[in-house]
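The following features are taken from Swiss-Prot:
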type	residues	note
BINDING	CYS3, CYS6, CYS18, CYS25	[2Fe-2S] cluster binding site
BINDING	HIS249, GLU273, CYS317, CYS405, CYS433, CYS459, GLU493, LYS495	hybrid [4Fe-2O-2S] cluster binding site
MOD_RES	CYS405	cysteine persulfide
Amino acid sequence: MYCVQCEQTMVTPMGNGCSFGQGMCGKTAETSDLQDLLIACLHSLSAWALKAREHGIINHDADNFAPRAFFATLTNVNFDSNRIVGYAQQAIIYRNELIKAISEVEPNPELNHPLAYIELKGISIDQLAEQAKEFALDTDRAEIGEEVHGVRLLALYGLKGAAAYLEHAYVLGKFDNDLYVEYHGFMAWLGTKPRDLNELLEKSLAIGSMNFKVMAMLDAGETETFGNPVPATVNIRPVKGKCILISGHDLKDLKELLEQTEGKGINVYTHGEMLPAHGYPELKKYKHLVGNYGSGWQNQQKEFARFPGAIVMTSNCLIDPNVGDYADRIFTCNIVGWPGVVHLEKHNFAPVIEKALECDGFPYTELEHYITVGFGRKTLIDASDAVIDLVKAGKLSHVFVIGGCDGDKEERHYYTDLAYALPKDTAVLTLGCGKYRFNKLDFGTIDGGLPRLLDAGQCNDTYSAIMLAVTLSQKLGIGLNELPLSIVLSWFEQKAIIVLLTLLALGVKNVYSGPSKPAFLNDNVMNLLHEKFGLSGLTTPEQDFGHIINK
């Protein structure tokens, strides 16, 4: 096992990365290795998908499958070895279908790619786990050096994050052939194990540029399907009655669940990154969508254990449900998986509803406590003139974008301390589950109007923050980096990595990121990123605030 992709990975004097029987996330060495094998198969599939396009051959099923299966290898998504093997087998099936289709117009096609003809050596988990060792991500690390190895992983992990957003968009009916060509190009290239550091950096930024278009496509899918988010208050206290909790990012799953539970006397609660759903008109109209439950994903073992109903995981982040003894009432769907947990197919939530009706539900309604969400792209852009007026009047001095992923580390209290200590003439724009570090605090308003805390949505809604910045830049006639706006990211996994690459690709400088540096990037690479982009780690809220304001 060698896995170094998330912020909680092991960091020791002997080396970085999880490399024993189980990762810090709970993923077994077997599953981790099989994910490496799956990725190798996906490199092969992408290489042939590009070859097929040379002949005008497009297999949309293969295109859709490729990023979805890659998504399954993100942190806290799929821990089920059998499912991972199934994805690898399907990747080879699609690859062979492409070869067959190409053969009809180009007899005996050849492809110069190291993984072009990879085959699975067996069908058993043991056989494939043994084969998987050939494709560990650190096989040539000693030969190529830490810098090249690290930036190659930066590109790979960034592409994983983009793959997740491609899948989220596809679920909402959004597909762009040109973006899939770009995706396959990057995936096939990474399968060649590139070694040129400058090329790796350039391609990493190119992946970020691609992801900006992916996020725009996802934004269109969400707003066309559910309407533009509008500011809305959300109750974060339990309501008496039977209940279902839904977590993850897939708003379509939530819509299906709400439709199937309507009139059944079951209250539905969002969790984690589902919180922004309460701002979408086509979701908030359901009266039995009663509120949001819990906090960041890392607290789910305690919070899910206390939740007296059924639980649905639609995407990351899932952790071991056996610890809190709720494995019999948690369900997975889409690319999520845990061994022994019931997996739902085709949006059939009947087992979830049945389990919810069996459970006790909340015995009484607690005193309501509301927070506000719904500051999506349109709302933010519509408010841009008001923001400019406040800046010109000296009533708004700075906007801080504070968000990203949450996690376990004690150091993450930094984000709470920073947000709470900011002067009253500043505003905080937040997104992702990092918001749970401070979104229950009362930040008040500026000049009695603009809320000081603006929840823009999920991690992919970084797009909304970017579009606000672009709008302000255009209206003020200044560059993005001249705006009184600073970004402080909290990273944990690969979606945060692609968000960072997207910002860097757009030319955004002086981003702060933490709570710690990625374990796959050494100090030389971090210094390079600081020199080129002004990327900085975190110190203390007071010191970083001083640096930001005085720049």
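Note: Cβ is positioned from N, Cα and C throughout, glycine not excepted.
The model shown is predicted, which means the values in this text are computed figures rather than measured ones.
Shown on the structure are the features that Swiss-Prot records.
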| residue | record | Cβ neighbours (10 Å) |
| --- | --- | --- |
| CYS6 | [2Fe-2S] cluster binding site | 26 |
| CYS18 | [2Fe-2S] cluster binding site | 22 |
| CYS25 | [2Fe-2S] cluster binding site | 21 |
| HIS249 | hybrid [4Fe-2O-2S] cluster binding site | 27 |
| GLU273 | hybrid [4Fe-2O-2S] cluster binding site | 31 |
| CYS405 | hybrid [4Fe-2O-2S] cluster binding site | 28 |
| CYS433 | hybrid [4Fe-2O-2S] cluster binding site | 29 |
| CYS459 | hybrid [4Fe-2O-2S] cluster binding site | 25 |
| GLU493 | hybrid [4Fe-2O-2S] cluster binding site | 26 |
| LYS495 | hybrid [4Fe-2O-2S] cluster binding site | 34 |
Other CB atoms within 10 A, centred on CYS317 (hybrid [4Fe-2O-2S] cluster binding site):
27
Ten-angstrom check, please: count other Cβ atoms within 10 Å of the Cβ of CYS3 ([2Fe-2S] cluster binding site), all chains counted.
26
Return only the integer: C-alpha distance in Å from HIS249 (hybrid [4Fe-2O-2S] cluster binding site) to CYS3 ([2Fe-2S] cluster binding site).
24
I want to verify one value. Collapsing DSSP to three states, which class is CYS18 ([2Fe-2S] cluster binding site)?
strand
Between CYS3 ([2Fe-2S] cluster binding site) and GLU493 (hybrid [4Fe-2O-2S] cluster binding site), what C-alpha distance do you get in Å?
12
Quick one: pull the CA-CA distance for GLU493 (hybrid [4Fe-2O-2S] cluster binding site) versus CYS25 ([2Fe-2S] cluster binding site), whole Å only.
11
Compare the Cα of CYS25 ([2Fe-2S] cluster binding site) against each of the binding-site residues GLU273, CYS317, CYS405, CYS433, CYS459 and report the nearest.
CYS317
Look up CYS3 ([2Fe-2S] cluster binding site) in the DSSP assignment and reduce it to helix, strand or coil.
strand
